[in-house]
Structures are given as C-alpha cells and as structure tokens.
C-alpha cells in the first residue's frame with residue numbers, strides 16, 4: 001500500500017510539503033502544477049514551484065517529490081517534461097483534474113476530460129520524450145460534468161503510457177462537494193491494467209476503510225484530509241498494520257505550526273505570509289478545537305510580529321482555553 005500527499009495548487013506548496021512530510025506516513029508527494037502553455041519554460045519556473053529539485057527531489061524529511069505539469073499541447077508538455085527530468089524530476093505527473101475555472105478556460109486540467117483522444121496524445125508524447133526509467137503518471141477526475149466518460153478517459157491515459165492513475169472520485173462540476181464516488185474507482189480498476197489510487201473525501205481512518213471496501217483500491221492519495229489532520233497517513237498505516245497508535249495532539253502539532261510560520265516568513269513577503277498561516281490554520285480547525293481558538297485570534301491579524309507572539313507563548317496555553 002502506498003499513501004501519497006496530493007498536489008493542491010495554492011495550498012500544498014514546498015513549505016507545507018516540507019512540514020507535512022516531517023510527520024511521517026507519506027510515501028511520496030507531488031508539486032503544485034507547473035503551467036505549460038506554448039513554450040519551453042525556463043529552469044527558474046521549475047525551481048520556483050519545485051525547489052526540492054535542488055536537494056535530490058526530496059523534502060527535508062527525505063520523502064520523494066514528483067513534478068506535475070498541466071497543459072493541453074502534447075509537444076510542448078513533452079519538451080517541458082524532458083527539461084524537468086534533466087533538472088532531476090524522478091517522476092512526471094500530468095494534471096487532468098484541476099477544477100479551477102481559470103485553468104479550465106485556458107484548456108487545462110479537468111476540461112480535457114472532454115477529449116480522451118487528446119489525453120492519450122499528451123501521455124504518449126510525454127512518455128516518448130522522457131527517459132525510459134522515468135515513470136509518467138496521471139491524475140484525473142471522473143469527468144467534467146458527468147462520469148459517463150470516466151472509463152474511456154482512464155483507458156486513454158493508461159494506454160498512452162501512464163504508469164499509474166490517481167482518480168479523484170468526483171467530476172469537475174462537483175468540485176469538492178461530498179460524496180466522493182468511490183465505486184467509480186473500482187470501475188476504473190476493472191478496465192485498466194495499471195495501479196489506481198483512490199482520492200477524495202478520506203478524512204479519517206474510518207473513511208479510508210470505507211473507501212477501500214467500496215473502491216477496492218489499496219493505494220490512496222490524501223489531500224485536504226492530511227492537511228487538516230497531519231498524521232492521518234500514520235493513523236491509516238497503523239490501522240492497516242494492526243498497530244496501536246496515539247493520534248497527534250495539539251501539543252505535538254505546535255512545533256510544526258511554528259516551523260511552517262518560520263519558513264513562511266523566510267520565503268514569502270510580509271504581505272503574503274500571514275495569509276498562508278491562516279489558510280492552514282483554518283483547515284486545522286476541522287480536527288483540532290485548539291485551532292479554532294487560535295484562528296479566532298489570528299483571523300484579522302496581519303502583523304507578523306504579533307502572529308509570532310501568538311504562535312509562541314500564547315499558543316502554548318490554548319489547550320487550557322478549550323479544556
């Protein structure tokens with residue numbers, strides 16, 4: 001069984017990848033998508049979104065990182081995939097699942113699920129362009145507005161050369177609205193000969209158990225569930241192995257919050273760092289009552305010094321506040 005950290009544009013950047021993979025329970029992670037239009041990108045474009053390439057394509061914790069590309073031009077994607085490999089990418093992942101309207105309007109992401117022939121052509125050209133030892137993988141949704149074409153799309157990707165598929169079990173139109181249709185993951189597995197990862201609505205160990213039962217998928221990709229519960233991978237791995245596991249407490253999480261904030265201040269401008277901190281903290285409120293208290297304190301705060309104080313001394317007494 002493999003447990004992967006999902007690529008989430010605007011959320012799971014190199015800072016959050018670093019922090020989440022320190023926790024453990026993640027076998028590999030993926031960059032935010034690198035947008036490919038009509039030209040060969042400069043190396044700096046890859047360095048910006050995938051700085052781990054400078055350290056052997058691994059996070060500081062040693063977790064392998066894969067490079068994800070998004071676009072609709074098979075030849076241009078192939079050229080950029082080859083460059084990514086030259087820069088050290090160990091795997092090329094192709095994005096056919098992004099639901100963002102701005103991305104879809106420019107023929108990127110989930111809108112391409114309307115064109116299974118193009119999906120096949122993209123994967124085929126990328127597969128031809130990169131070294132034989134570099135896997136090419138694909139992430140897809142069930143379709144744009146209906147899952148009716150999901151099996152045709154999955155077949156096109158697999159036959160084009162995808163080493164595995166990650167299936168986000170919702171359509172583009174459904175976005176992130178529950179439920180995830182895990183039964184479609186099972187149907188995809190029935191028609192392709194490559195491994196299939198289940199993705200979508202896995203927030204807890206019980207969700208994982210239900211997903212495995214319905215989808216039949218052994219491998220999973222965790223997105224928002226892991227962001228809101230950083231040790232979810234460890235919890236699932238323990239349940240899989242029949243081991244006892246004590247979930248991460250708020251006290252355990254605080255050092256990670258502070259490390260995230262330290263890196264955010266070092267890598268982002270004072271204008272943007274507070275927003276990134278609040279973005280992650282808001283997602284943590286789903287799993288930690290203490291995060292609700294801290295988020296209420298930080299919600300309207302944009303001063304980095306005051307945020308640092310709240311994450312320091314005051315953060316240490318939050319458990320008492322909610323007890």
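Note that Cβ sites are derived from N, Cα and C of the backbone, with glycine treated the same way.
What you see is a predicted model, and the numbers here were worked out from it, not measured in a lab.
The number of other Cβ atoms within 10 Å of the Cβ belonging to residue 7 (FMN binding site), over all protein chains shown, comes to 27. Reduced to three states, the DSSP call for residue 7 (FMN binding site) is coil. The feature FMN binding site is assigned by Swiss-Prot to 7, 8, 9, 68, 139, 199, 200, 201, 223, 224, with sequence analysis given as support.
Swiss-Prot lists 35 (among others) with the feature site 'Interacts with tRNA'. According to DSSP, residue 35 (site 'Interacts with tRNA') sits within a strand segment. Around the Cβ of residue 35 (site 'Interacts with tRNA'), 19 further Cβ atoms fall within 10 Å across all displayed protein chains.
The site 'Interacts with tRNA' annotation in Swiss-Prot covers 95 (among others). There are 25 other CB atoms within 10 A of the CB of residue 95 (site 'Interacts with tRNA'), with all protein chains counted.
For residue 98 (active site, proton donor), the same-chain residues that are 6 or more apart in sequence and have a Cβ closer than 8 Å to its Cβ are 9, 33, 70, 104, 108, 109, 110. DSSP gives residue 98 (active site, proton donor) a coil state; it is part of no helix or strand. According to Swiss-Prot, the feature active site, proton donor maps to 98.
The feature site 'Interacts with tRNA' is assigned by Swiss-Prot to 176 (among others). All protein chains considered, the CB of residue 176 (site 'Interacts with tRNA') has 12 other CB atoms within 10 Å.
What Swiss-Prot records for 276 (among others) is site 'Interacts with tRNA', and it gives sequence analysis as the kind of evidence. Annotation note: residue 276 (site 'Interacts with tRNA') sits in a helical segment as assigned by DSSP. Counting every protein chain shown, the number of other Cβ atoms lying within 10 Å of the Cβ of residue 276 (site 'Interacts with tRNA') is 21.
Taken from Swiss-Prot, the feature site 'Interacts with tRNA' covers 278 (among others), and the record attributes it to sequence analysis.
Marked as site 'Interacts with tRNA' by Swiss-Prot: 299 (among others). Within the same chain, residues at least six positions away from residue 299 (site 'Interacts with tRNA') with a Cβ under 8 Å of its Cβ are 278.
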### Task
Using residue 223 (FMN binding site) as the reference point, find which of the recorded sites 35, 95, 176, 276 has the shortest Cα-to-Cα distance to it.
176
## Note on the structure
As a whole number of Å, the Cα atom of residue 276 (site 'Interacts with tRNA') is distant from the Cα atom of residue 200 (FMN binding site) by 23
### Task
Would you mind reading off the Cα separation of residue 35 (site 'Interacts with tRNA') from residue 176 (site 'Interacts with tRNA'), to the nearest angstrom?
22
### Query
Cα-Cα separation of residue 139 (FMN binding site) and residue 176 (site 'Interacts with tRNA'), in Å?
15
### Rounded inter-Cα distance in Å - residue 176 (site 'Interacts with tRNA'), residue 200 (FMN binding site)
8
### Task
Sort out for me which one of 139, 278 has the most neighbouring CB atoms within 10 A, since those are the recorded positions we care about.
139
### Message
Measuring Cα to Cα across 7, 8, 9, 68, 139, 199, 200, 201, 223, 224, which the record gives as the FMN binders, how far apart are the two most distant ones in Å?
### Response
22
